[in-house]
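Novice: This structure is in structure tokens; I'll ask about it shortly.
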Amino acid sequence: MVKKILNLFYKEHSGLHKTAIVLAISSVVSALFGILRDRLLASSFGASESLDIYYAAFKIPDFIYIISLSIISVNALIPFFLEKSAVSKEKAKTFLDETMTFFLLSIFILAGAGYFLIPHLSGLVAPGFSESSKKEFVYLARILLLSPIFLGLSNLVSSVIQSHNRFVIYALSPIFYNFGIIFGIVFLFPMFGMGGIVFGVVIGAMAHFAIQVPAIINLGYFPIPALKVNIKEFVRVAKLSLPRSLGLGLNQIILIFITASASLLSAGSIAVFNLSFNLQSVPLAVIGMSYSVAAFPTLSRLFIGNKKKEFLDQSAIAVRQIIFWSITASALIIVLRAQIVRTIFGSGNFGWQDTRLTAAAMSIFAFSITAQSLVVLFTRAFYASGKTWKPITINAISAVFIIGATPIFISLIKNNFFLASFFDLVLRVGGVAGTDMLALPLAYSLGMIANCVLLFISFQKEFGDVWSSARKTFFETLSASLFAGIVSYFSLNFLDNVFDINTFIGIFSQGFLATIFGGVVWFFFLKMFKNKELKEVTTAVFAKFWKTQVIASEPENLDRQ
């Protein structure tokens, strides 16, 4: 029995379709653990200053981790490792040893600098915190500096494991990461307070790395520190990693600025932003990331082969599928926002006021899920063509917009009675304190929509027309989703009299049945439109996209796996 389990872990999955299924299943399981993690946090603290401190404490370690990706990005390491392996196993092993040495030297310098700078940076990341809250922030952030070390090592070994198609063991890593955080909340928090939770994060990061160690030993590639390193080699690696690192760095700067702005608002604003952001990230990961990751190797191969028409055709298919699923998800999230948030977070200290504010923030994010998903796709399409600086430039413009718009929107919602009343009416947050924090998801969503529009225009100019192919899908899906949303909305009102929505079972049943009713209407209208995507859904993804090896991305944040 044990041997069979080990064989499953060490088994190669050279395919395509099987590989993608393994990664998809692990993504769903990891998302479920992530939801459980956030539920435990929400029920323990509610939307409070304590949870604000917890989320803010990740920002500096996150930024350090992203800097480290310029050395140990999976997308950069795999081509170099395969290049060395083609020469000899010894060359590949030497490359890994030198990479680990260079990474450890760099990360210890960065983490050491971070340790001493965090007290001075606390006023930048969280200017609205009290002195006692800043001390707690410094304490937690310093503990979290251990996480980038283990996640970086995990990226290093996972590049080897993925190169040998051992995807099962890699797919378990984010699950164990979230399990570590859950362990910290359930067992360490009662003994050590908030410090226990972040120690759980560190344990999760260690598990993210440790679960892959047996596989890397089995392959004979476990890295050990080298006495010297080839600096020229790492300049090459850094050049390949730089675009992705810059892209993630810009996004992290946005999140740091939003965190700083939220700290100046009412207590719980950072928590509400992060909880709602994490919820909207689930469909983003399932839809946007899955199609983009699956498309990337195919697009790279087609562009390298100078098959520009096929490159455009494959991009158009991905655009259509993302539009098809993301618009549907957005409509359901907007209508069922309160049921989703209350079902997932509605326990313990997370009250009805917290639910209403988080649901409102999530619905604002939902308007940009399609845009966010397409941004991921267009960015990867540009990367596949070697034109890496164009999306970075557009991302920078988007970042400037979000940073500039955030204080303006906060001021407008605070001081403009008509705008505040509009938000209260549309999002049903009348009488809820702290609604000015809704400016944060609003600025972020509008910035991502602008990012998508600019990338779309740039893509059309650079590679050709994808809109003519996607236009029909867009309007069919939008129409079907609107009707589905209307039916779901009225179903909620009807079912309100059927179930006791003050109980978990009641509110879950209300939301579930409303989703079913809306889904039936959605399906009916798409069948009536003879929608192409309904027919393609089981063939386009597997038969067209997953015909080349999938490269899974490294984690992008310490608090979201």
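Any Cβ shown, glycine's included, is placed from N, Cα and C.
Dumping what TrEMBL says about this protein:
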TRANSMEM  20-36  transmembrane segment
TRANSMEM  63-82  transmembrane segment
TRANSMEM  102-125  transmembrane segment
TRANSMEM  137-157  transmembrane segment
TRANSMEM  197-224  transmembrane segment
TRANSMEM  245-272  transmembrane segment
TRANSMEM  284-304  transmembrane segment
TRANSMEM  360-383  transmembrane segment
TRANSMEM  395-418  transmembrane segment
TRANSMEM  438-457  transmembrane segment
TRANSMEM  478-495  transmembrane segment
TRANSMEM  501-525  transmembrane segment
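Describe the structural context of each listed feature in the structure shown, including burial, neighbouring residues and relevant distances.
Specialist: For the transmembrane segment (197-224), the list of distant contacts is 9-10, 41, 54, 57, 89, 92-93, 96-97, 99-100, 140, 143-144, 146-151, 153-154, 156-158, 160-161, 164, 166, 169-170, 172-174, 176-185, 188-189, 555, 558-559, 561: same-chain residues at least six beyond its ends, Cβ to Cβ under 8 Å.
With a threshold of 8 Å between CB atoms, the same-chain residues lying at least 6 positions outside the transmembrane segment (360-383) that come near it are 243-244, 247, 272-273, 276-277, 279-280, 283-284, 287-289, 291-293, 295-296, 299, 315, 318-319, 322-323, 326-327, 329-330, 333-334, 337, 340-341, 390-391, 395, 423, 427-429, 435, 437-438, 440-442, 444-446, 448-449, 451-453, 455-456, 458-459, 462-463.
Away from its own ends, the transmembrane segment (438-457) comes close to residues 254, 258, 261-262, 269, 273, 276-277, 357, 360-362, 364-365, 367-368, 370-372, 374-375, 378-379, 382, 391, 394-395, 397-399, 401-402, 405-406, 409-410, 412-413, 423, 427, 429, 467 of its chain (Cβ-Cβ under 8 Å, at least six residues beyond either end).
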Novice: Do the transmembrane segment (137-157) and the transmembrane segment (501-525) share at least 3 Cβ pairs closer than 8 Å, excluding pairs fewer than 6 residues apart in sequence?
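Specialist: Answer no: the transmembrane segment (137-157) and the transmembrane segment (501-525) share fewer than 3 Cβ pairs below 8 Å.
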Novice: Does the transmembrane segment (395-418) reach the transmembrane segment (245-272) with at least 3 CB pairs under 8 A, where each pair is 6 or more residues apart?
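Specialist: The transmembrane segment (245-272) and the transmembrane segment (395-418): touching, yes.
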Novice: So are the transmembrane segment (245-272) and the transmembrane segment (102-125) touching or not, going by 3+ C-beta pairs under 8 A with a sequence gap of 6 or more?
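Specialist: Output yes: the transmembrane segment (245-272) sits against the transmembrane segment (102-125).
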